[in-house]
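Colleague: Per Swiss-Prot, repeat 'WD 1' is recorded for 90-129. Look at Swiss-Prot and you will find 132-174 tagged as repeat 'WD 2'. Taken from Swiss-Prot, the feature repeat 'WD 3' covers 175-214, and the record attributes it to sequence analysis. The repeat 'WD 4' annotation in Swiss-Prot covers 217-256. Residues or ranges marked as repeat 'WD 5' by Swiss-Prot on the basis of sequence analysis: 259-298. Marked as repeat 'WD 6' by Swiss-Prot on the basis of sequence analysis: 301-340. Per Swiss-Prot, the feature repeat 'WD 7' maps to 343-384; the stated evidence is sequence analysis. What Swiss-Prot records for 386-415 is repeat 'WD 8'.
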Amino acid sequence: MKLKSLLLRYYPPGIMLEYEKGGELKTKSIDLLELSPSTDVNTLVGEIQQAEPLITASRTKQVRLLVQRLQEKLRQHSDHNFYLFKVLRAHILPLTNVALNKAGSCFITGSYDRTCKVWDTASGEELHTLEGHKNVVYAIAFNNPYGDKIATGSFDKTCKLWSAETGKCYHTFRGHTAEIVCLSFNPQSTVVATGSMDTTAKLWDIQNGEEVVTLTGHLAEIISLSFDTSGDRIITGSFDHTVVVWDASTGRKVHTLIGHCAEISSALFNWDCSLILTGSMDKTCMLWDATSGKYVATLTGHDDEILDSCFDYTGKLIATASADGTARVYNATTRKCVTKLEGHEGEISKISFNPQGNRLLTGSSDKTARIWDVQTGQCLQVLEGHTDEIFSCAFNYKGNIVITGSKDNSCRIWR
(Lines of atoms letter the chains of each structure in order from A; the text may use other names.)
(Lines give C-alpha, C1' and ligand atoms only; values in the text may rest on other atoms or scores of the structure.)
Protein backbone atom coordinates (compact mmCIF):
# COMPACT_ATOMS: atom_id res chain seq x y z
CA MET A 1 0.00 0.00 0.00
CA LYS A 2 1.30 3.40 -0.99
CA LEU A 3 -0.09 6.75 0.11
CA LYS A 4 -0.61 9.04 -2.89
CA SER A 5 -2.22 12.16 -1.43
CA LEU A 6 -3.97 13.73 1.55
CA LEU A 7 -7.12 15.82 1.09
CA LEU A 8 -9.17 17.87 3.52
CA ARG A 9 -12.84 17.61 4.43
CA TYR A 10 -13.85 20.69 6.41
CA TYR A 11 -17.27 19.76 7.83
CA PRO A 12 -17.25 17.49 9.71
CA PRO A 13 -13.45 17.76 10.07
CA GLY A 14 -11.54 14.93 8.47
CA ILE A 15 -8.54 13.97 6.35
CA MET A 16 -9.11 11.88 3.23
CA LEU A 17 -6.35 9.47 2.20
CA GLU A 18 -5.84 8.47 -1.43
CA TYR A 19 -3.66 5.36 -1.62
CA GLU A 20 -2.67 2.66 -4.06
CA LYS A 21 -3.35 -0.98 -3.27
CA GLY A 22 -2.72 -3.74 -5.80
CA GLY A 23 -2.54 -1.21 -8.63
CA GLU A 24 -5.92 0.31 -7.68
CA LEU A 25 -6.53 3.81 -6.33
CA LYS A 26 -8.57 3.71 -3.12
CA THR A 27 -9.73 6.27 -0.55
CA LYS A 28 -10.37 6.18 3.15
CA SER A 29 -11.17 8.90 5.66
CA ILE A 30 -9.87 9.76 9.10
CA ASP A 31 -12.79 11.42 10.89
CA LEU A 32 -11.71 14.07 13.40
CA LEU A 33 -15.13 14.64 14.95
CA GLU A 34 -13.68 15.71 18.32
CA LEU A 35 -11.50 18.45 16.79
CA SER A 36 -12.03 21.91 18.26
CA PRO A 37 -10.15 25.22 17.94
CA SER A 38 -8.44 24.42 21.28
CA THR A 39 -7.29 20.86 20.44
CA ASP A 40 -3.54 20.32 20.93
CA VAL A 41 -2.29 19.76 17.38
CA ASN A 42 0.86 17.79 18.18
CA THR A 43 -0.98 15.32 20.42
CA LEU A 44 -3.63 14.77 17.76
CA VAL A 45 -1.05 14.28 14.99
CA GLY A 46 0.65 11.66 17.17
CA GLU A 47 -2.66 9.85 17.67
CA ILE A 48 -3.40 9.94 13.93
CA GLN A 49 0.01 8.45 13.10
CA GLN A 50 -0.40 5.71 15.68
CA ALA A 51 -3.82 4.73 14.34
CA GLU A 52 -3.01 5.01 10.60
CA PRO A 53 0.04 3.08 9.28
CA LEU A 54 -0.19 4.87 5.89
CA ILE A 55 0.84 8.12 7.57
CA THR A 56 4.57 7.74 8.12
CA ALA A 57 7.00 10.10 9.89
CA SER A 58 7.80 11.86 6.61
CA ARG A 59 4.17 13.07 6.50
CA THR A 60 4.14 14.53 10.03
CA LYS A 61 4.63 18.14 8.95
CA GLN A 62 1.95 17.88 6.24
CA VAL A 63 -0.59 16.34 8.62
CA ARG A 64 0.14 19.04 11.21
CA LEU A 65 -0.58 21.74 8.61
CA LEU A 66 -3.80 20.02 7.55
CA VAL A 67 -5.05 19.80 11.14
CA GLN A 68 -4.23 23.50 11.65
CA ARG A 69 -6.22 24.35 8.51
CA LEU A 70 -9.18 22.37 9.81
CA GLN A 71 -8.97 24.30 13.09
CA GLU A 72 -8.91 27.60 11.19
CA LYS A 73 -12.10 26.58 9.38
CA LEU A 74 -13.81 25.88 12.70
CA ARG A 75 -12.92 29.42 13.84
CA GLN A 76 -13.96 31.05 10.55
CA HIS A 77 -17.25 32.97 10.27
CA SER A 78 -18.16 31.89 13.79
CA ASP A 79 -18.88 35.45 14.91
CA HIS A 80 -20.23 36.56 11.53
CA ASN A 81 -22.80 39.35 11.64
CA PHE A 82 -25.39 39.01 8.88
CA TYR A 83 -26.86 41.93 6.99
CA LEU A 84 -29.62 41.95 4.37
CA PHE A 85 -27.93 41.72 0.98
CA LYS A 86 -30.87 41.25 -1.40
CA VAL A 87 -34.63 40.83 -1.41
CA LEU A 88 -35.79 38.70 -4.32
CA ARG A 89 -39.43 38.94 -5.33
CA ALA A 90 -38.89 35.40 -6.39
CA HIS A 91 -42.32 34.14 -7.44
CA ILE A 92 -45.84 35.37 -8.10
CA LEU A 93 -47.17 32.83 -5.57
CA PRO A 94 -45.81 31.67 -2.18
CA LEU A 95 -42.52 29.79 -1.97
CA THR A 96 -42.34 26.23 -0.70
CA ASN A 97 -38.63 25.63 -0.11
CA VAL A 98 -35.12 27.00 -0.62
CA ALA A 99 -31.88 25.05 -1.08
CA LEU A 100 -28.24 25.98 -1.69
CA ASN A 101 -25.56 24.20 -3.67
CA LYS A 102 -22.48 23.22 -1.67
CA ALA A 103 -20.34 26.05 -2.97
CA GLY A 104 -23.08 28.51 -2.01
CA SER A 105 -22.70 30.10 -5.45
CA CYS A 106 -26.33 29.49 -6.35
CA PHE A 107 -29.58 28.49 -4.72
CA ILE A 108 -33.04 27.34 -5.77
CA THR A 109 -36.59 28.26 -4.79
CA GLY A 110 -39.70 26.14 -5.26
CA SER A 111 -43.14 27.70 -5.49
CA TYR A 112 -46.89 27.30 -5.75
CA ASP A 113 -46.50 28.96 -9.18
CA ARG A 114 -45.39 25.50 -10.50
CA THR A 115 -41.79 26.54 -11.13
CA CYS A 116 -38.40 26.24 -9.53
CA LYS A 117 -35.96 29.11 -10.01
CA VAL A 118 -32.17 29.04 -9.91
CA TRP A 119 -30.47 32.14 -8.49
CA ASP A 120 -26.94 33.50 -8.39
CA THR A 121 -26.13 34.10 -4.70
CA ALA A 122 -23.48 36.77 -5.32
CA SER A 123 -25.67 39.03 -7.47
CA GLY A 124 -29.21 37.89 -6.64
CA GLU A 125 -29.75 37.43 -10.37
CA GLU A 126 -32.16 34.81 -11.72
CA LEU A 127 -30.21 32.25 -13.75
CA HIS A 128 -32.98 29.85 -14.85
CA THR A 129 -36.66 29.16 -14.44
CA LEU A 130 -37.33 25.43 -14.44
CA GLU A 131 -40.74 25.09 -16.05
CA GLY A 132 -42.76 21.99 -16.83
CA HIS A 133 -44.54 20.89 -13.67
CA LYS A 134 -48.32 21.09 -13.73
CA ASN A 135 -48.78 21.78 -10.03
CA VAL A 136 -46.99 23.11 -6.93
CA VAL A 137 -43.21 22.49 -6.87
CA TYR A 138 -42.80 21.42 -3.26
CA ALA A 139 -39.58 19.45 -2.69
CA ILE A 140 -36.30 20.65 -4.20
CA ALA A 141 -32.63 19.68 -3.89
CA PHE A 142 -29.18 19.96 -5.42
CA ASN A 143 -27.09 16.81 -5.81
CA ASN A 144 -24.51 18.09 -3.34
CA PRO A 145 -21.52 17.96 -3.09
CA TYR A 146 -21.47 18.06 -6.93
CA GLY A 147 -24.19 20.65 -7.41
CA ASP A 148 -24.56 20.11 -11.16
CA LYS A 149 -28.09 18.65 -10.97
CA ILE A 150 -31.38 19.70 -9.40
CA ALA A 151 -34.37 17.53 -8.50
CA THR A 152 -37.88 18.94 -8.13
CA GLY A 153 -40.82 17.04 -6.64
CA SER A 154 -44.32 18.26 -7.34
CA PHE A 155 -47.95 17.92 -6.36
CA ASP A 156 -48.41 16.81 -10.00
CA LYS A 157 -47.06 13.38 -8.78
CA THR A 158 -43.83 13.63 -10.80
CA CYS A 159 -40.22 14.40 -10.04
CA LYS A 160 -37.98 16.10 -12.60
CA LEU A 161 -34.21 16.08 -12.92
CA TRP A 162 -32.55 19.22 -14.32
CA SER A 163 -29.13 20.53 -15.27
CA ALA A 164 -28.12 23.21 -12.76
CA GLU A 165 -25.91 24.84 -15.40
CA THR A 166 -28.33 25.05 -18.33
CA GLY A 167 -31.78 24.50 -16.80
CA LYS A 168 -32.41 21.64 -19.24
CA CYS A 169 -34.75 18.85 -18.04
CA TYR A 170 -33.01 15.46 -18.21
CA HIS A 171 -35.80 13.19 -16.96
CA THR A 172 -39.35 13.20 -15.67
CA PHE A 173 -39.87 10.39 -13.15
CA ARG A 174 -43.44 9.10 -13.29
CA GLY A 175 -44.98 6.44 -11.07
CA HIS A 176 -46.31 8.00 -7.88
CA THR A 177 -50.09 8.18 -7.59
CA ALA A 178 -50.20 11.23 -5.31
CA GLU A 179 -48.23 14.38 -4.44
CA ILE A 180 -44.45 14.19 -3.95
CA VAL A 181 -43.58 15.97 -0.71
CA CYS A 182 -39.94 15.05 0.00
CA LEU A 183 -36.87 14.01 -1.96
CA SER A 184 -33.17 13.41 -1.57
CA PHE A 185 -30.14 12.48 -3.65
CA ASN A 186 -27.89 9.69 -2.41
CA PRO A 187 -24.34 10.90 -1.55
CA GLN A 188 -22.91 9.36 -4.74
CA SER A 189 -25.45 11.26 -6.85
CA THR A 190 -26.49 8.12 -8.73
CA VAL A 191 -30.00 7.88 -7.32
CA VAL A 192 -32.74 10.30 -6.30
CA ALA A 193 -35.37 9.19 -3.78
CA THR A 194 -38.89 10.61 -3.64
CA GLY A 195 -41.48 10.32 -0.87
CA SER A 196 -45.17 10.70 -1.57
CA MET A 197 -48.66 11.09 -0.14
CA ASP A 198 -49.35 7.71 -1.83
CA THR A 199 -47.53 6.07 1.17
CA THR A 200 -44.55 4.90 -0.91
CA ALA A 201 -41.05 6.12 -1.63
CA LYS A 202 -39.33 5.44 -4.94
CA LEU A 203 -35.69 5.40 -5.94
CA TRP A 204 -34.82 6.55 -9.47
CA ASP A 205 -31.69 6.04 -11.55
CA ILE A 206 -30.25 9.44 -12.49
CA GLN A 207 -28.48 8.17 -15.62
CA ASN A 208 -31.27 6.30 -17.39
CA GLY A 209 -34.32 7.81 -15.68
CA GLU A 210 -35.67 4.38 -14.69
CA GLU A 211 -37.31 3.46 -11.40
CA VAL A 212 -34.87 1.38 -9.34
CA VAL A 213 -37.13 0.24 -6.52
CA THR A 214 -40.33 1.13 -4.66
CA LEU A 215 -40.34 1.17 -0.86
CA THR A 216 -43.75 -0.15 0.19
CA GLY A 217 -45.05 -0.72 3.70
CA HIS A 218 -46.10 2.57 5.26
CA LEU A 219 -49.80 3.04 5.99
CA ALA A 220 -49.86 6.82 5.51
CA GLU A 221 -48.00 9.53 3.58
CA ILE A 222 -44.21 9.70 3.72
CA ILE A 223 -43.12 13.21 4.61
CA SER A 224 -39.44 12.78 5.38
CA LEU A 225 -36.64 10.75 3.84
CA SER A 226 -32.86 10.74 3.99
CA PHE A 227 -29.88 8.58 3.09
CA ASP A 228 -27.09 7.62 5.45
CA THR A 229 -23.56 8.92 4.76
CA SER A 230 -22.61 5.83 2.72
CA GLY A 231 -25.82 5.81 0.66
CA ASP A 232 -26.43 2.15 1.57
CA ARG A 233 -29.51 2.82 3.67
CA ILE A 234 -32.43 5.19 3.51
CA ILE A 235 -34.95 6.15 6.19
CA THR A 236 -38.53 7.24 5.68
CA GLY A 237 -40.73 9.00 8.22
CA SER A 238 -44.49 8.75 7.87
CA PHE A 239 -47.79 10.06 9.18
CA ASP A 240 -48.42 6.44 10.30
CA HIS A 241 -46.22 7.33 13.36
CA THR A 242 -43.37 5.02 12.24
CA VAL A 243 -39.95 5.36 10.67
CA VAL A 244 -38.57 2.61 8.44
CA VAL A 245 -34.93 1.88 7.61
CA TRP A 246 -34.49 0.33 4.14
CA ASP A 247 -31.67 -1.23 2.17
CA ALA A 248 -31.24 1.31 -0.63
CA SER A 249 -30.07 -1.19 -3.24
CA THR A 250 -32.73 -3.88 -2.74
CA GLY A 251 -35.59 -1.91 -1.19
CA ARG A 252 -35.71 -4.48 1.64
CA LYS A 253 -37.11 -3.28 4.96
CA VAL A 254 -34.29 -3.47 7.55
CA HIS A 255 -35.97 -2.00 10.67
CA THR A 256 -39.28 -0.43 11.61
CA LEU A 257 -38.91 2.09 14.42
CA ILE A 258 -42.10 2.03 16.48
CA GLY A 259 -42.52 4.27 19.52
CA HIS A 260 -43.94 7.64 18.54
CA CYS A 261 -47.64 8.18 19.13
CA ALA A 262 -48.23 10.82 16.45
CA GLU A 263 -47.10 11.80 12.95
CA ILE A 264 -43.37 11.91 12.20
CA SER A 265 -41.98 15.31 11.16
CA SER A 266 -38.31 14.43 10.57
CA ALA A 267 -36.00 11.42 10.43
CA LEU A 268 -32.25 11.43 9.83
CA PHE A 269 -28.92 9.70 10.54
CA ASN A 270 -26.00 11.29 12.35
CA TRP A 271 -22.70 11.61 10.47
CA ASP A 272 -21.15 8.29 11.52
CA CYS A 273 -24.50 6.51 11.00
CA SER A 274 -24.59 5.15 14.55
CA LEU A 275 -27.79 6.96 15.53
CA ILE A 276 -31.13 7.83 13.99
CA LEU A 277 -33.04 10.90 15.19
CA THR A 278 -36.81 11.08 14.74
CA GLY A 279 -39.02 14.08 15.50
CA SER A 280 -42.76 13.82 15.96
CA MET A 281 -46.01 15.70 16.43
CA ASP A 282 -46.17 13.89 19.83
CA LYS A 283 -43.86 16.67 21.20
CA THR A 284 -40.82 14.38 21.48
CA CYS A 285 -37.74 13.35 19.57
CA MET A 286 -36.43 9.80 19.83
CA LEU A 287 -32.98 8.36 19.31
CA TRP A 288 -32.49 4.88 17.88
CA ASP A 289 -29.50 2.62 17.36
CA ALA A 290 -29.02 2.70 13.58
CA THR A 291 -27.50 -0.78 13.40
CA SER A 292 -29.95 -2.73 15.55
CA GLY A 293 -32.99 -0.48 15.17
CA LYS A 294 -33.39 -0.53 18.96
CA TYR A 295 -34.86 2.43 20.85
CA VAL A 296 -32.19 4.41 22.73
CA ALA A 297 -33.79 7.48 24.34
CA THR A 298 -36.54 10.09 24.25
CA LEU A 299 -35.75 13.81 24.20
CA THR A 300 -38.51 15.61 26.09
CA GLY A 301 -39.24 19.17 27.16
CA HIS A 302 -41.30 20.71 24.37
CA ASP A 303 -44.93 21.65 25.02
CA ASP A 304 -46.12 21.26 21.45
CA GLU A 305 -45.38 19.42 18.19
CA ILE A 306 -41.78 19.08 17.03
CA LEU A 307 -41.68 20.48 13.50
CA ASP A 308 -37.98 20.03 12.69
CA SER A 309 -34.88 18.45 14.18
CA CYS A 310 -31.26 17.99 13.15
CA PHE A 311 -27.78 16.89 14.18
CA ASP A 312 -24.77 19.17 13.94
CA TYR A 313 -22.15 18.14 11.36
CA THR A 314 -20.25 15.95 13.84
CA GLY A 315 -23.34 14.32 15.38
CA LYS A 316 -22.48 15.47 18.92
CA LEU A 317 -25.41 17.88 19.27
CA ILE A 318 -29.10 17.71 18.39
CA ALA A 319 -31.39 20.70 17.82
CA THR A 320 -35.18 20.60 17.90
CA ALA A 321 -37.72 23.21 16.73
CA SER A 322 -41.27 23.23 18.00
CA ALA A 323 -44.70 24.71 17.54
CA ASP A 324 -44.35 25.92 21.16
CA GLY A 325 -42.13 28.74 19.81
CA THR A 326 -38.91 27.44 21.36
CA ALA A 327 -35.94 25.44 20.15
CA ARG A 328 -33.72 23.18 22.23
CA VAL A 329 -30.20 21.83 22.00
CA TYR A 330 -29.45 18.36 23.39
CA ASN A 331 -26.18 16.52 23.93
CA ALA A 332 -26.42 13.40 21.74
CA THR A 333 -24.40 11.32 24.21
CA THR A 334 -25.97 12.30 27.53
CA ARG A 335 -29.36 13.14 25.90
CA LYS A 336 -29.65 16.07 28.28
CA CYS A 337 -31.00 19.45 27.18
CA VAL A 338 -28.01 21.81 27.00
CA THR A 339 -29.76 25.04 26.07
CA LYS A 340 -33.24 26.36 25.42
CA LEU A 341 -33.65 29.01 22.70
CA GLU A 342 -36.45 31.41 23.62
CA GLY A 343 -37.52 34.58 21.83
CA HIS A 344 -39.64 33.68 18.82
CA GLU A 345 -43.30 34.74 19.01
CA GLY A 346 -44.63 31.95 16.82
CA GLU A 347 -43.97 28.35 15.93
CA ILE A 348 -40.50 27.43 14.65
CA SER A 349 -40.72 25.33 11.51
CA LYS A 350 -37.03 25.12 10.53
CA ILE A 351 -33.76 24.71 12.38
CA SER A 352 -30.18 24.10 11.28
CA PHE A 353 -26.62 24.31 12.61
CA ASN A 354 -23.92 26.29 10.87
CA PRO A 355 -21.10 24.01 9.63
CA GLN A 356 -18.82 25.07 12.50
CA GLY A 357 -21.47 23.87 14.96
CA ASN A 358 -21.52 26.95 17.20
CA ARG A 359 -24.54 28.77 15.72
CA LEU A 360 -28.15 27.81 15.06
CA LEU A 361 -30.53 29.28 12.50
CA THR A 362 -34.28 29.16 13.10
CA GLY A 363 -37.19 30.24 10.90
CA SER A 364 -40.58 31.06 12.38
CA SER A 365 -44.19 31.99 11.70
CA ASP A 366 -43.44 35.27 13.53
CA LYS A 367 -41.88 36.43 10.19
CA THR A 368 -38.31 36.39 11.55
CA ALA A 369 -35.30 34.14 11.37
CA ARG A 370 -32.86 34.14 14.26
CA ILE A 371 -29.20 33.29 14.80
CA TRP A 372 -28.39 31.75 18.19
CA ASP A 373 -25.29 30.89 20.19
CA VAL A 374 -25.40 27.09 20.61
CA GLN A 375 -23.58 27.06 23.97
CA THR A 376 -25.39 29.89 25.76
CA GLY A 377 -28.76 29.83 23.99
CA GLN A 378 -28.47 33.59 23.50
CA CYS A 379 -30.13 35.15 20.45
CA LEU A 380 -27.33 36.91 18.57
CA GLN A 381 -29.34 38.31 15.68
CA VAL A 382 -32.90 38.71 14.46
CA LEU A 383 -33.23 38.67 10.67
CA GLU A 384 -36.27 40.89 10.12
CA GLY A 385 -38.10 42.16 7.06
CA HIS A 386 -40.29 39.37 5.75
CA THR A 387 -43.99 40.23 5.92
CA ASP A 388 -45.25 36.66 6.37
CA GLU A 389 -44.21 33.34 7.84
CA ILE A 390 -40.68 32.03 7.17
CA PHE A 391 -40.84 28.31 6.55
CA SER A 392 -37.47 27.68 4.93
CA CYS A 393 -33.98 28.88 5.81
CA ALA A 394 -30.48 27.58 5.27
CA PHE A 395 -26.78 28.25 5.79
CA ASN A 396 -24.30 27.76 2.97
CA TYR A 397 -21.44 25.28 3.43
CA LYS A 398 -19.06 27.97 4.72
CA GLY A 399 -21.61 29.34 7.17
CA ASN A 400 -21.31 32.96 6.00
CA ILE A 401 -24.51 33.22 3.92
CA VAL A 402 -28.12 32.62 4.97
CA ILE A 403 -31.12 32.29 2.65
CA THR A 404 -34.66 32.71 3.99
CA GLY A 405 -37.87 31.85 2.15
CA SER A 406 -41.27 33.17 3.15
CA LYS A 407 -44.97 32.94 2.42
CA ASP A 408 -44.68 36.61 1.35
CA ASN A 409 -43.47 35.29 -2.08
CA SER A 410 -39.95 36.55 -1.48
CA CYS A 411 -36.64 35.17 -0.41
CA ARG A 412 -33.81 37.10 1.17
CA ILE A 413 -30.06 36.71 0.97
CA TRP A 414 -28.22 37.61 4.18
CA ARG A 415 -24.45 37.79 4.22
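Using N, Cα and C of the backbone, Cβ positions are placed for all residues, glycine too.
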Colleague: Short question: which residues 6 or more past the ends of the repeat 'WD 1' (90-129) have a Cβ under 8 Å from it?
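Modeller: Beyond its ends, the repeat 'WD 1' (90-129) has Cβ neighbours at 135-142, 144-147, 150, 152, 154, 156, 162, 164, 166-167, 388, 391-398, 401, 403-411, 413.
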Colleague: Looking only at residues six or more beyond either end of the repeat 'WD 2' (132-174), which have a C-beta under 8 A from one in the stretch?
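Modeller: Beyond its ends, the repeat 'WD 2' (132-174) has Cβ neighbours at 96-103, 106, 108-112, 114-116, 118, 180-185, 189, 192, 194, 196, 198, 202, 204, 206, 209, 211.
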Colleague: Counting only residues 6+ away from its ends, which parts of the chain sit with a Cβ under 8 Å from the repeat 'WD 4' (217-256)?
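Modeller: Distant contacts of the repeat 'WD 4' (217-256): 178, 181-188, 190-191, 193-201, 203, 262-269, 271-273, 276, 278, 280, 282, 288, 290, 292-293.
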Colleague: Using DSSP, what's the helix, strand and coil tally for the repeat 'WD 5' (259-298)?
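Modeller: Helix/strand/coil tally for the repeat 'WD 5' (259-298): 0 helix, 21 strand, 19 coil.
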